[in-house]
Amino acid sequence: MAEEVISGSGSSGREGEIDIRVGLTSRDSLDSRWVFPGEDDSEIEENGDGDDDLPHRAAVDSEDEDNQEHHLIRTEPRVDSFDVEALEVHGAHRSDYEDLGIARRIIHAFQTLGVVFGDVGTSPLYTFNVMFSKAPIKGDEDVIGALSLVLYTLLLVPLVKYVLIVLWANDDGEGGTFALYSLICRHANVSLLPNQLPSDTRISNFILKLPSPELERSLKIKERLEASLTLKKLLLMLVLAGTSMVIADGVVTPAMSVMSAVGGLKVGVAAIEQDEVVMISVTFLVILFSVQKFGTSQVGLAVGPALFIWFCSLAGIGIYNLIKYDASVLRAFNPVHIYLYFKRNSVNAWYALGGCLLCATGSEAMFADLCYFSVRSIQLTFVFLVLPCLLLGYLGQAAYLTGNLNGAEKHPFFLSIPSGIFWPVLLIANIAALIASRAMTTATFSCIKQSSNLGCLVLVCSMSSINEIGNAYGIAELGVMMMTTILVTIVMLLIWRLNIIIVLSFVVFFLGLELTFFSSVLWSVTDGSWVILVFAVIMFVIMYIWNYGSKLKYETEVERKLPMDLMREIGCNLGTIRVPGIGLLYNELAKGVPAIFGHFITTLPAIHSMVIFVCIKYVPVPVVPQNERFFFRRVCPKSYHLFRCIARYGYKDVRKENHQAFEQLLIESLEKLIRREAQQRQLESDGDEDADSEEDTSFSRVLIDPNGSVYSLGVPLLAEFRGSSNSISEASISEELNPNSPASPSISDAEHSLERELSFIRQAKESGVVYLLGHGDIRARKDSWFIKKLVINYFYAFLRKNCRRGIANLSVPHSHLIQVGMTYMV
């Protein structure tokens, strides 16, 4: 919900190889880094200048962009983070669907059906019903025209847009609005929260591109996005609006699917009334949300076979009706019937567009639920099973209606079922409807579970008409689709770097199509479907207030952070008594000494001998591997014993650490950091002695693109680099194998210094670990506008008070907590 989900940081401390390829070349954190001059962050935060939060530079500034020279410098692997173990396990955290056996592939196929395709699979229950209630049919040609409209909507929106295009715009296997925003944030500094670090790009999931001729347009777009505050705010609002619509979609999907399926009882039992349909639907929804807690994989595997039977039933009934009634409906594949349909019905045909869109509902669920399955599995399942069954289902209904026009507005699907299998199909339809309800609630479950559950129950009770719910359904679905179209267009320009003609064709065609559908559903908003718009607006306002307050709070803390001159002035004892122990001070600053620390040392009679500033930071990647979770820095010179630990989490990570395990991993990783720092200092001192010889054996590589851009790669030859790395490694190993070899006085002093610091850390750990919680709150100044006072002092304060704080996930005993509050006037 918060704008705190912004940036990432990387795994470091690795030897890497130079990888230069032509075209779309990618890099991950295992390779040595390529940076623009001045982009790297400092090793120790000992100067005030090093604490400035400056955006990344995408390219060298130049008045002549066409002839500018881009310089990339190869930096050595960093050795200052926790993830030393990641040297041998790169890629272990990634899902690999290619190595699955046949049995496992079948299981994944059933899970895909049960989780992803339930929504779009149940659309035949209500699409024609809603369409013909808005535009009553007058003859067989109207049936053919409406069918043609449905067929091409299915082919264009779910198939072409989502299955063939949008699914590839995933964020390392994650789909949805936030995943698209995260992907854009990784390639351009468009975040409004200024907590990005250059080290954010060194996480193994944080894949960027090396220079290529196609980068010029991408770099210009990147610079424009980063320089314009208006564009940043607009992009954020688009993301929040899309997320609000996803939540609204998750509310209306269960209501629509379940009521349509239960409404089939009115066909089989004439005595059933609409009020009874509503009560049965509410009962089914209560059951649905009761099983949600069992998880996606378990429920998906359980209901997958049921949905497979449902798709087979759709296809079988469709073939039966085509043979029995009228196979000539196949001519609906000729798009000219769409034109004739609009020519005959004009305004009524335009009204029917709102119902026609319902055949494509669930398209966004395919993308939002991508995190559970691979792109290829979803594509293959849709193309070879889901789409053919849906097409046959709609063709069969149309064939039935050509000879039974009176049934167009009275559940045409259930009327078209052969009488001998009506009750079994009704049972399967209700099971499929419950599965469909899970398709979007799965996508929104982690966003706002309680609102989705309560909202859909309220919607069923307040909107008893399928037409009203269908219109609300169309509004929510189209809102998400349009936001996805805009974000994917940015991905095409910024990341994929496609030809501008292709990008314009995509955005003009699909956004124009969706706006046409949207105009139809908005025209009927007064029939009660305005409720879903109000719900989406409420969700948007809540998220925007949280983002606004979080940004304001972070900027205030950055402005009030303690200057390094003051830290040097008060000395390594921090102007107080240092007692044995480790203090973990939780704060939100990614750089600098937080002002709340000054409040601690002036309020408490003593402070711990070692203090670690812990910053919980959400990064724009789906999942951060455990061995890349932490990032360490010294905040002051060694004698101060002050460190910074940035604990990084992806937007899909679940934080359930135990505080003992957290402390143990932190201390072990800190010890590794100190050892590797000592090793790096020794290597640097050895390297200074051979600096002259190294200069003689290296040269700069220069890549010249066809457009004239020059990329200067200041690195030694690859073979020489490998050779030097190997020699260093061999030298280190030989020293370890010969402990009795004579050591210089400087090496001996370094070893003693290392052992003293490690011993100091162990003693501090044995004395105990205390969690210092600084609760920084913000209040609007007295001279602020009334709206600002209302938003900050009441709405944001309420949200912050009721949000789950990071320390709560560690289950820390109260005896280990010290809390100090501080209020900032903004």
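Cβ coordinates are placed from backbone N, Cα and C, and glycine is handled just like the others.
What TrEMBL says about this protein:
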- 38-52: compositional bias 'Acidic residues' (COMPBIAS)
- 685-697: compositional bias 'Acidic residues' (COMPBIAS)
- 109-457: domain 'K+ potassium transporter integral membrane' (DOMAIN)
- 580-824: domain 'K+ potassium transporter C-terminal' (DOMAIN)
- 33-72: region 'Disordered' (REGION)
- 679-698: region 'Disordered' (REGION)
- 143-169: transmembrane segment (TRANSMEM)
- 234-257: transmembrane segment (TRANSMEM)
- 301-323: transmembrane segment (TRANSMEM)
- 349-368: transmembrane segment (TRANSMEM)
- 380-401: transmembrane segment (TRANSMEM)
- 413-435: transmembrane segment (TRANSMEM)
- 472-495: transmembrane segment (TRANSMEM)
- 502-523: transmembrane segment (TRANSMEM)
- 529-549: transmembrane segment (TRANSMEM)
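When Cβ-Cβ distances below 8 Å are used as the criterion, the transmembrane segment (143-169) is approached by residues 120, 127-128, 131-132, 135, 137, 175, 180, 183, 329, 331-335, 337-338, 340-342, 344-345, 349, 352-353, 356-357, 359-360, 362-364, 366-367, 370, 375, 378-379, 382-383, 387, 390-391, 394-395, 398, 401-402, 405, 408, 481, 484-485, 487-488, 491, 496, 506, 510, 513 of the same chain, each at least six residues removed from its ends. Two recorded stretches are said to be in contact when at least 3 C-beta pairs lie under 8 angstroms, sequence spacing 6 or more; the transmembrane segment (380-401) and the transmembrane segment (301-323) meet this definition. Take the transmembrane segment (472-495) and the stretches 301-323, 349-368, 502-523: counting Cβ pairs under 8 Å, 502-523 has the most. Contact between the transmembrane segment (502-523) and the transmembrane segment (349-368) is present: at least three CB pairs lie under 8 Å, with pairs separated by 6 or more positions in sequence. The average per-residue pLDDT of the prediction over the domain 'K+ potassium transporter C-terminal' (580-824) is 73, rounded to a whole number. Highlighted: of the candidate stretches 234-257, 301-323, 349-368, 529-549, 301-323 has the greatest count of Cβ pairs under 8 Å to the transmembrane segment (413-435). 529-549 is the stretch from 301-323, 349-368, 529-549 with the greatest number of Cβ pairs below 8 Å to the transmembrane segment (234-257).
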